Number of protein chains: 2
Amino acid sequence: MYVESNFQRVRIDLAYDGGAFAGWAKQPGLVTVQGCLEQALALITRVDLQVTVAGRTDAGVHASAQTVHVDIPRENWARIPGRSKRAPKIALETRLRGAMTRVLADAEAQLGLPSTMRGFMQGAISIHHVSAVSADFDARFSALSRRYEYLIADNSLHQALPVQRLSCWQVESSLDIDYMNNAARELLGLHDFLSFCKPRVGATTIRELRELEFERRDDAVIAARIVADAFCHNMVRSLVGSLVMLGAGERSYEWLLDRIENPQRDATVKLAPANGLSLAEISYPEAAHYKTQAERTRNTRKLPVEKRPK
Amino acid sequence: MYVESNFQRVRIDLAYDGGAFAGWAKQPGLVTVQGCLEQALALITRVDLQVTVAGRTDAGVHASAQTVHVDIPRENWARIPGRSKRAPKIALETRLRGAMTRVLADAEAQLGLPSTMRGFMQGAISIHHVSAVSADFDARFSALSRRYEYLIADNSLHQALPVQRLSCWQVESSLDIDYMNNAARELLGLHDFLSFCKPRVGATTIRELRELEFERRDDAVIAARIVADAFCHNMVRSLVGSLVMLGAGERSYEWLLDRIENPQRDATVKLAPANGLSLAEISYPEAAHYKTQAERTRNTRKLPVEKRPK
């Protein structure tokens, strides 16, 4: 029997400057991305809604491409265009940008920024796209993979650029990118990344790392590209922190191999700062596969027997 | 008769994030770049010093390469290395970076930034280089030319990047760069730029514009390169603002030509926002020419008779 849902599921694609927020997740009394987004949605729909995010980001971590979904009661959905003849999703996109301007102005007042920084929060969240999707779409579980970018300004940059400090890790040594890339290849594939994670109770730390590569851009900034099916908490920052230690000659190739072959919580692993990190892409399958992908993801990832730690 | 000067003239090359300051020039009660630099110098030399800057920048304008000079009494200069065996200029460079860390921490406290932005001011000023120079060197008057960079993120960028809002002007239209560059060429050479300046009493608005070109980078951001012997107040931002109006189809080629052929204060000229602008280079002659260049600069620039406005 087919039952029409009472909700319209909506997908929102957005970007943000993590430096302006106390992280993604809503926290009472703090200015967070989720908090601002839900406030803006409430201003428009007049109902309290909770969004589900593809990749939670920590305080200071940016996103150039983040995805969420939210279920809007059909009644409220239908009212979004008001007297205009626009489709609800077109109206929502426009109105969400307007509401965000107000919410960010309030956030700026709440933060008590000095008058010389007036307008700092405007544009700190950018709404890229709003679409109406089927209830099969799950921003978190339907995702096939996540791509992160990590920027590093090392000593090869003759001169530090103060503006870059907000989106680059400024490292004092000169990094050997080739050495880092050779080591990074050893980490690819399905592994238990416990040595590089802050584990959550009851959750696995097994992930499939698909890409991890450092490239020096024309402006001498090093950009790391990191792709996995999903990441556990702190994983990208730990991997980058560890490889930078190798590139600076502070740790050996063998040390890194031992971390991945003998997974354990490890205080010698260094966390790269949050401000260099940016969530850059969430990949989804064709709409027909939203549901099966979500089911597949929900089955806890398992290592094949021969790769399980002894 | 040769008299040994009682001062050592010192050249300091530095960079800063203009968004963090109420401009270059010292102002009571405000956090400014000059204020922070002079505080750091006073911590080290134990004497109040005043620096002379190559290019004053307005609130919000960045510098990736700024130059100042300062005269340090010989007695204080000799004491800078303390018990170390370093040369005074080497010691000053190291100690200036250390003192700046303290001054910027104090500035952050003065600004009352929220705890989620802790550390925001660290690195907002970067000391690139300190050198001992002859008294002939004048950071302002010995300069041969200034180069500015202006960054624009137009609609050709599919998606706005929130982190970029701090260093790019985000424009809603798609800009026609070729048209802008054709028009920009008409502005090159010696002109009275009164239509594009906020004139200072008793000062000329005649300048020699040497380069003005827009280029789309690989990341789709438009970077303008602007070089002149010197700029009058608001000149770079007015030129960029005017050419962007042309590129967006809001003003004509003829309108621009009229502005340069009939110089007058003009409310139709639009000022591009400060945050897209960065002072990128100050060029100086060989040391032997510091003095003659300074004398040449001090002679007010004059238009040849045939170019004077009727």
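Cβ from N, Cα, C; glycine included.
What TrEMBL says about a protein is an automatic prediction, not a curated fact.
Copied from TrEMBL, the annotated features are:
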type	residues	note
ACT_SITE	B:Asp58	active site, nucleophile
BINDING	B:Tyr148	substrate binding site
DOMAIN	B:183-285	domain 'Pseudouridine synthase I TruA alpha/beta'
REGION	B:291-310	region 'Disordered'
Other CB atoms within 10 A, centred on B:Asp58 (active site, nucleophile): 16
Protein Cβ atoms within 10 Å of the residue listed as 'substrate binding site', excluding its own: 28
DSSP-derived class (H/G/I helix, E/B strand, else coil) of the residue listed as 'active site, nucleophile': coil
Alpha-carbon distance [B:Tyr148 (substrate binding site); the residue listed as 'active site, nucleophile'] in Å: 13
For the domain 'Pseudouridine synthase I TruA alpha/beta' (B:183-285), residues assigned helix / strand / coil by DSSP: 31 helix, 29 strand, 43 coil
Within the predicted model, mean pLDDT of the domain 'Pseudouridine synthase I TruA alpha/beta' (B:183-285): 94
